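Pulled these from TrEMBL:
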BINDING   A:102, A:103, A:130, A:131, A:132, A:133, A:207, A:210, A:232, A:262, A:288  pyridoxal 5'-phosphate binding site
DOMAIN    A:89-324  domain 'Aminotransferase class V'
MOD_RES   A:233  N6-(pyridoxal phosphate)lysine
């Protein structure tokens, strides 16, 4: 059976139209890295990224110096936002910026939404959302006197639109959910949940951290009001890369974010008295844009735009489907459960495996060059990034995990 | 006289103990860059920065991947904060972090201060502070129902402690000023202004953007409560590099910043319900730290710590003193005024020259490889960064300016 699976990995690699992309990433020696399965935490760097960053430091920063701001940098937050919107978010130009961190952008957008609906006093979110989303909203609720309404999500299941329908009402200012759940990998039905929330007159905000660059997104078509996400997972922007924010065009003039800094001003270099927000998405900016940290995005968006998000998704489903097959065949006999959806239409880009004591497997896995993610209390997340991961790599990684399970005294 | 000044530039360069540092910066061909006089807007990159960043991308990000967080990255915000505190801020360890942008940090700290003094309803600032400081505080005032009390500063003069004494009272929650004024270069007397503000029971916050890495700072000794600053000017962190925040140790447990994200949580990877702030300066963090964008700081702090901020200041005063001499000798006859302090004890790291129509000089200066900064309505800021600027470079830059003035038909 193992031979059949190995042959299948090889066949999937041979038939993979994205196989060539993998060679464009910086690759550590095989002795150090056998299998990288954590693309949903930190994507790998492209060779083009290293080259572009070096050129940027020497020629742009070092050569153009302060002139760089006039010669293009000032436009990067909206330019890269528009490129990201086109390549990954289904967002027409003028609604997306790259800036800050996901956390800061959640704060800015959620505050703007709450302030825009002062007659509504609740915000709906779910107990399994990513910690920073929950923590930020707790803070906003405390400062604005809002009540948080929690949907109890089973971590091994997604958000049912019916659950949302039960809790939204005329008092709901905002709902905030993740497109792909960070633990289970459940893929939410954004369009349907938006319909439910909008029927109650609430604004909708989506955290796209675990889907952007992996799962096709249609923000405009799905009626999303607000969205945020990071660029360091499937978008390979590097550790702590800037985040992005989307505000639906119709809301850009209405919503006002609370950190009103010079870069969101209508006339940045007038430096006059009194803040006046810029037209459009620029008003989402606050401080000086993190230009150096944005350089990798240029290279990554080149690749994503060339390949197409649909091709990425097609490979992603084959990769996670292969993970499920290997888990069923190799790991289930050792008590490993799959806690992610088997239905491809509800599965994001990663698969979580659960077993008591999985925490103790992390170090031996790393020591063997196999790098999944660990999520308390006993989950291993397998997140094979389609652009940089081969099927044979998935095979190798789970083979090592199986061998550790074989040796486990339990 | 010109020959005498040229000889003086050469003599100053020959006697400059920091002359060797200049060779460690990336230098464009002289045909492209004759004289860079805008270190107070964007510092130049070190060769070591280009090398470290490339190594980081290939070996750390590309090689260690997600393991990098466990192997050190998580500590960078406080580690670099502490190094910065020691090298440039006079801050003992445990009070400074590198994070976000200056604007976002001003918001976080000013909100924390205002929330900590709910019985006090005013914030004092000055009309000549940097735009983002003013805009952020306007926003906070509107949202918290605070009143802003403006000290009218003459842009060609600094903040007199007596002006502060006139307006602070039992209703003042916070005063916010810049250490070095972004236009005039006036150096505020932090210790004395703090004494005045503290006598009224107000908290004090200082924007160090134009002084950090240029003017010695003693945050602990001067009784500063809160401080923020950027790292892309004299600290050479690159365009849009992360900022820093300082909160006096005694206040760290009391103040609570409003953007409560996962990286400021007491137990980041527990990912449990309910935000609980970390002990100490980590609670100032919100989102994922901008690791890639912090890499240049390692190189720059190596250099600054080795050289010492006092040596930087000594050269800075010689550089700006030389600018004043050249301005008096060459430019005053053409109607150019110096609007910065001549008194070295009140002069920051840059000198602003004023003349009607100076805006039209910017393009021809740039075309000739001379890069000062322009500030509306008619100021040219000359900001020679001590670590990367020679006296001959200052001479060459002002010589070109003089030639343009000679040709000016006015």
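For all residues, glycine too, the Cβ spot is worked out from N, Cα and C.
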Filter the recorded positions A:132, A:207, A:232, A:233, A:288 down to the ones with a Cβ under 8 Å from chain B's Cβ atoms, keeping sequence order.
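Listed in sequence order, the recorded positions near chain B are A:132, A:232, A:288.
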Going by a 10 angstroms cut-off between Cβ atoms, which of the binding-site residues A:130, A:232 has the sparsest surroundings?
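Taking A:130, A:232 as the binding-site residues, the minimal 10 Å Cβ count falls on A:130.
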Roughly where does the domain 'Aminotransferase class V' (A:89-324) sit in mean pLDDT, to the nearest integer?
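The answer is 97, the mean pLDDT of the model over that range.
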Suppose we draw a 10 Å sphere around the Cβ of residue A:102 (pyridoxal 5'-phosphate binding site). How many other Cβ atoms does it contain, all chains included?
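Result for residue A:102 (pyridoxal 5'-phosphate binding site): 28 neighbouring Cβ atoms inside 10 Å.
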Spatially, which candidate from the binding-site residues A:102, A:130, A:132, A:288 is nearest to residue A:233 (N6-(pyridoxal phosphate)lysine), comparing Cα atoms?
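Nearest by Cα distance to residue A:233 (N6-(pyridoxal phosphate)lysine): A:102.
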Tell me, by DSSP, whether residue A:207 (pyridoxal 5'-phosphate binding site) is helix, strand or coil?
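Reduced to three states, the DSSP call for residue A:207 (pyridoxal 5'-phosphate binding site) is strand.
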Taking the Cβ of the residue listed as 'N6-(pyridoxal phosphate)lysine' as centre, how many other Cβ atoms lie within 10 Å?
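A count of 26.
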For a quick check of understanding: among the binding-site residues A:132, A:288, which residue's Cβ has the most other Cβ atoms within 10 Å?
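When each Cβ's neighbours within 10 Å are tallied, A:132 tops the list.
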Please report the number of other Cβ atoms within 10 Å of the Cβ of residue A:207 (pyridoxal 5'-phosphate binding site).
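Around the Cβ of residue A:207 (pyridoxal 5'-phosphate binding site), 28 other Cβ atoms lie within 10 Å.
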Considering each pair of residues in A:102, A:103, A:130, A:131, A:132, A:133, A:207, A:210, A:232, A:262, A:288, all listed as binding pyridoxal 5'-phosphate, report the largest CA to CA distance in Å, no decimals.
31
